[in-house]
Every structure is written in C-alpha cells, then in structure tokens.
Amino acid sequence: LDVDECQDNNGGCQQICVNTMGSYECQCKAGFFLSDNQHTCIHRSVEGMNCMNKDHGCAHICRETPKGGVACECRPGFELAKNQKDCKLTCNYGNGGCQHTCDDTDTGPVCGCHQKYALHSDGRTCIEKDEAAIESSEYNATSVADVDKRVKRRLLMETCAVNNGGCDRTCKDTATGVRCSCPVGFTLQPDGKTCKDIDECLVNNGGCDHFCRNTVGSFECSCQKGYKLLTDERTCQDIDECSFERTCDHTCINYPGSFECLCHKGYTLYGLTHCGDIDECSISNGSCDYGCLNTMGSYECVCPPGKKLHWNKKDCVEMVKCLPNTKPAPKAQLVCSKTGGIESCFLSCPSNTLFVPDSENSYTLSCGVPVQQGKAQQKRNVTLPSCADSLAPPIKQKARFKIKDAKCHLRPRSKEKTKDSGKQADLDNCQVTFVNLKCDSSKKKRRGRKSPSKEVSHITAEFEVEMKSEEVSDTCNIDCVRKRMEQKLQTAIKTLRKSINKQQFYIQFSGTEYEVAQKPAKATEGHEGCSTGQVLQDGKCVTCSTGTFYSGEHNQCIPCSPGTYQDTEGQLTCEPCPSNDGQGVAGARNMSECGGKFNLIIKGLGQCSPGHYSSDGFKPCRVCPLGTYQPEPGRTLCFPCGGGLVTKYEGAVSFQDCETKVHCSPGHYYNSTTHRCIRCPVGTYQPEFGQNYCITCPGNTSTDFDGSTNVTHCKNQHCGGELGDYTGYIESPNYPGDYPANVECIWNINPPPKRRILIVVPEIFLPIEDECGDVLVMRKSASPTSITTYETCQTYERPIAFTSRSRKLWIQFKSNEGNSGKGFQVPYVTYDEDYQQLIEDIVRDGRLYASENHQEILKVRK
C-alpha cells in the first residue's frame, strides 16, 4: 500500500503537500515558487526567464545555468524527455509500475513476467499461464461442464501470484491454499486477509517517558520542551542549556526542562538572557543629595565643591577640616641614621597609606593626607586629622633619585640586613604630613654605547611637612620657623639621596620593613613570582581582599586587627579607625565597620529609619515634615515632593505618599511643575503607579516606543552573530527576546575557496499578521535579481536544512514598526565542494525530517 507522506507533518512541505504513488512532492501557493531544497517556498515575482518564474516549464526540478536561462532536471527514477522539460517514468521509479520485470524503452517502461506467468491485459500484473489459457477460452466456452470445471479450477487456483492472493501484506502458497501474514506492528484480522495497525501507545504508553504517537506499523516517543530523547528512543533526559555557550550573559541556572539567567549585582536582565548595567541615577537620582554618577554595575553620589560625602555615601555635608575629641592620626616619620659610616633611612607609614602597583616594574605609594586633596585621594575614605593638628600651609619639596642596577619591586628587607652592627647616630628625625613616592624602572629605549643590561630605576618623591605653630617664639617668628623647617627637610633629602645610592632606604608598614628597589638577582628570591600585595592560591596570584593587608614578612594576607580597617585591595597595612580605641571587629572592610558609634551602622542600630532624618543620620531623629519623604535609613535630609505638594502624613517614605493632582499609571511619570502625567520617553520605562521618574533602559538597549511599562520593552539594537570561515551563526537583534522595530541587519558569508555553505534554520519566529513586514532573505548579493536561496516572512517552528545556491551569501533581515517576534538564531557551516552532490541529496531527502525526533535533533544548539 502506498504511504501517504503528507499525513505526517505535511511531508516537511512549507505550504502544499501532494501525495504520489510511492512518493510525494511539495508545491507552493500562488505568488510563491518551490526553492531548490524542494520543501520551502520563496515569495518572488521577478521578470525574465529564471527558476523564480513559475512558467519555466520544468516538470520536476529547475536549475539556473551559469550563463543565464534555465535547465530542467528530473527527480530520481525519471528521465528528461526529448523536449528537455518533461520527465518520463523509468524502471528505477516504483519498478515502472510492473509486478515482475521492467525494461526501459524509448516509449517508457515495458513490463514482463517470470516463467510460467503471462502478462495480464492491464499490461502490468502477471497471471499463471493456465489461468491465461482459461481466460482466453472463456470467450468461446459453451458447455456447462466446462464452466463447472473452470469454477473448481478457480477455487484451487487461488495463488499468491494473482493479486497477492488477496492478502494485505505477505502471502504464502500452501497445500491448502494461500496463507496471509502481517509484518511487526500489525495484526491479521478475522477475514484472514486484512492487516490492522496495532496502537502500541495503548499499552504502558508504548514504554515512552513522555509522549507516545502511534504511526502506521509502529510508534514514536517524543519529549516535552527542554528534554531530549536518548538513543534507546524511549527515555527523556533534561537538556542542560547552561552547558551551551552564549546561553546567559552572566549566571545560568539549569532546571528540569528549562533554565534561568541571573545577572550580577548592579545589572538587570533584558531579552530573556542578556544583562545590562542598571542606570541607578535614573531612579530618583540614585537617592543622592546632589549629583549622581553611573558606573558599570554600580554608581556614586558626588558633592559640590566645599562639601563632602557623608558616611551613608549619599548625602553631602559641610567639609570638616578636623575631627574633635579624637586622637591625632599618627604621622609619617622619616628617620635617617648613620651606622659605621653608612647612611640608612626609613620611612614609617602608620596611617592613610595607599599602594598602587602601576605595572610590573613601577608602583606609586602615598602616605598621609595632603593639604589640598587631589581627585585620586577623594575616592578614598581618609582618616581626618584631629583638631589638635595645626592647619598652617605646609612646606613642600620634590626630589628625583636614580638607582642603578635595581628594579622597582617593593619586597621585605631580608632578616640578616636588619641586624645592626655598631651604634647608630641619629641624623634626622622628620615628621612628614604627606609623602608621595613613584618608583619606575620601565625600560626606555636608548641609543648609544650603554650596555642594555644596566637597569636604572627612577624614584620621584614629594614631601609635605607641617608648620608647627608651637615652635614660633619671640626669637624666631613664623618665617624663621618656616626657613628652619625647609633647611631641615633639605638636609633630610640629602641624607636620603646618600642612603638610596647605597640601597639603604626602607619603608615600614605594620612593623615590616620593605626595600624600595632591588637588584634583579634578588628580586626572584623566595617569592613565587607574585607581585607585592598578592599571594599564591591554587597556582594563581590573588590580591589581598578588603579587610586584610599583605604582610611581606609572612607572605600572606592578614585580617586587620580590631581598631583598624582596610577598604582597598592589595594594601600593605590597615588604617587606624577614627575612634582609635582598639575596639571593634577584626577584618573591618571600611570605616563603618570600625568600633564605637560606627559599629552601629553595620548592625543598623542607631540609624534613623525611613521617613526620619537627623544631622548625622543617627538617633535622635526627626520626622520628615509634611511635603517631604525619605525612603532610606540613616539619612540627613528628606526629599521635597516639589511643586507645593503636601504628603498625606508626616514621616512619608516615598513619592507615592505625596498628594499629586493626578494619579499616573505605569509608563508615565509625574511632573511636579506642570502637575501632569508625562509618557516615559523612548529608552525609558516605569512599571509602577504614581512615580516621579522613568528608569533608563539597561546597558545600550532602548524601547521601540515611548510610554514603556516594563524592562522587557528594552531591546538591544545590535545585529548578532559570529561569521567564521568554517562555522558561524547569525542572530536577530535582542535574541531570544523580541527583536526591535524598524531594524535592518546585513550579514555577508564569504567562505574560503572551494567551500560551499550549508545552513540549518532550526526555527524562526516572524509574525504573519503584518503582511510580510518582517523578512529574512538570503541571496547571492544585494541585487534583488540575484539568485535567492531562502526567503521567509512567517513563523516556521520546523527545522529545515539547505545548501546555498550561490558560493557566497548576502543575508538581510528587516523589520517594520508592526508586530515583533523572537526572531532567529541560524547556524551555518562550510563544506568542501567535492561533497556537494552528497550533501544536497541528504538535505533534500524527506526522511531527514520524517520524525519529530529528527526535527528536535536539528534544533539542538550543539
């Protein structure tokens, strides 16, 4: 019996499927023509005789010739007729319709029969010769006896050779007549002739895990979305989407049958799998008192000149030059001494230190607080000087030093060097408010006779020394004290220069002395190649985290002791806390984790609750007055509703508590000046009622229209994909989220010589409602008349594989402002053109798409 392939998934045809004896063919609706892959339809009305024109006259396959014009081909089993258009049947197709033998002749197949058989009058079937004789004699038979003989003979003569013995499937001649039987998957019916399909799905779901589908003579298992069928063709296994590349931008979590993408802190999800930076400044100015600066994954509040950021990192408070009732922050000391005729100096850095490794061979080190803070220092929470410190303008000096044969590596001083021989003569002991050292031994190319092996390091040092008002006396006024201090500093720098020349200059952090630069031979000793501030963990160099400092002596990261903190990575010491009473937690990561009042911040105690404020953000607090609100704890102010609006009550915690004149719906924000609801502009959205701002879309996404209510309306406009010589893919913008409106993408695939392109379209989602407004087309070049390989403007969830009709491909995707869809991700490979015929035969074979499992395999990303 002929199988009707069209009943199974429309035979894989995109539009019309026509069943034929032993085969089937795809056809297209008016205005479309069948593409080369024999399954999909291309929408075209191009003038001129090419295969696009439905009047090309080819009965089966039309091919375009290199010089223009068309050449016809026939499907397997047919031959091209003399008119070069029609196709005539050969014995290769369904045995030419013959029951026994078939011979090809000019007029077509001619049937023949095996021995003892003769050809039936239909010219196709074969009957036994005796039967043939009876048949011819029936016309001249006269006697009744002859007729009886014939009937008897008929009964005895039931044979498999005639009409398959009346059997549906298999027929066997036996002594008692014919015996019919059925193949696996069928049962013989009571008439002894007919075979009926067994529905295997009725018993135990056919052994299938999920779905069972009965087919003629068999059955097929399939799985729910997100699962794949294993090779036993029964069991379903969860697809781990997270094992594929590019599934999620940041974090991927696999669930049975599905997955979920999550974003790092400060980022939000868009387009189902992508992460974009949140512009916190667009959300009520980041709750900042003054200015807001968005950064990748975070943001910062900024203050106007003359004000500084409060502990809560949001409010601006008056600059306080000093902290009352605190111990003065310990100062840096430059101590130089002479031992056995050798000058040695060391700088101790007890507070406000910052170590920045600029590169492998250079670093910057600062110690103390400069009188005028540069931008670099403002970012750090510096311990303020105590009010006991004098605030007269400092004395500043800059000096440059050279060290020969040494590299800028800050390394702990070796133990044997520390043992001092002989007595020391203290030359200088200089209190320094601020030191900035830069050591640089990056090689500069020099021409000349100098040997390239000589390392020269340059140290640039800036010193600031404080004027002490208590040293002013009747005999020496303020200028005299300044001169004295300048001389003292100059002498110290001279001694420092000598000590640097003899490599006897050290810097002390947390009780460990470090050499400023070292001879190359020593630089590698005892350290596994990690730079200062880093330790070796699992074979990788890891920077010491906040709340710890790097101890060169132990070559490890040590937590800050109670009463100290460290808010920067890779530092060589911890900073003293403002209260400086040695209380608090070990490993404090910022000032707010210090002991005393600041310890309350971390516990959230003592802070003003939302709807309240105080001068420092701590209790006792005041209630936000009518017409103002405060959504956050620990603040020093309340935000006004604006436009003379009042709140329903005191202590309001959000703008939604302000009694606005109109209630704004999502997709709008309230303008306090005009007292109107205004649609969120393009590129922003607002999911809530009654807000006074719109949120900027994450990353570099935007919306199609104004008045958007959800982050899902934010779409990336970038045309996706990677185009390689051997493999690659193209992707609609924002995939797998919906693509944006009015977008145009163009990709060019240009494989290496002697290679052709094979494409798989696993599935494509383009809404059909807007009359082909969104189109994906693949052709040889940008010219509309060039050879087209594929074109579609509709959703097609069944996979299709095809080879490119041209050596290179120009691909265009265009969308209009109408409906949108998920779009597509289309992979391709290039193959050696020697295999072209083989690959074309495979992708055109309907069996490639015959079962749902074949289709699912074609959809799997790997």
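Placed from the backbone N, Cα and C atoms, the Cβ positions cover glycine too.
All annotation found in TrEMBL is predicted automatically rather than curated by experts.
Among the features that TrEMBL reports, domain 'EGF-like' is placed at 2-38 (among others). Only residues 6 or more beyond the boundaries of the domain 'EGF-like' (2-38), in the same chain, are considered here, and those with a CB under 8 A from a CB of the stretch are 44-45, 51-54, 61, 75, 93-94, 97, 215-216, 788-790, 796, 798, 800-803, 805, 843-844, 846, 848-850, 852, 855.
Restricting the average to the domain 'EGF-like' (197-237) gives a pLDDT of 92. Annotation source TrEMBL lists domain 'EGF-like' at 197-237 (among others).
Taken from TrEMBL, the feature domain 'EGF-like' covers 238-276 (among others).
Packing around CYS242 (disulfide bond) is summarised by its Cβ count: 15 other Cβ atoms lie within 10 angstroms of its Cβ, all protein chains included. What TrEMBL records for CYS242-CYS252 is disulfide bond.
Counting residue by residue with DSSP, the domain 'CUB' (719-831) contains 0 helix, 54 strand, 59 coil. Among the features that TrEMBL reports, domain 'CUB' is placed at 719-831.
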- Item | Sequence-remote partners of the domain 'EGF-like' (197-237) [C-beta within less than 8 Å, at least six residues beyond its ends] | 3, 8, 183-187, 256-259, 851-853, 856, 860
- Local Cβ density at CYS252 (disulfide bond) - other Cβ atoms counted within 10 Å: 17
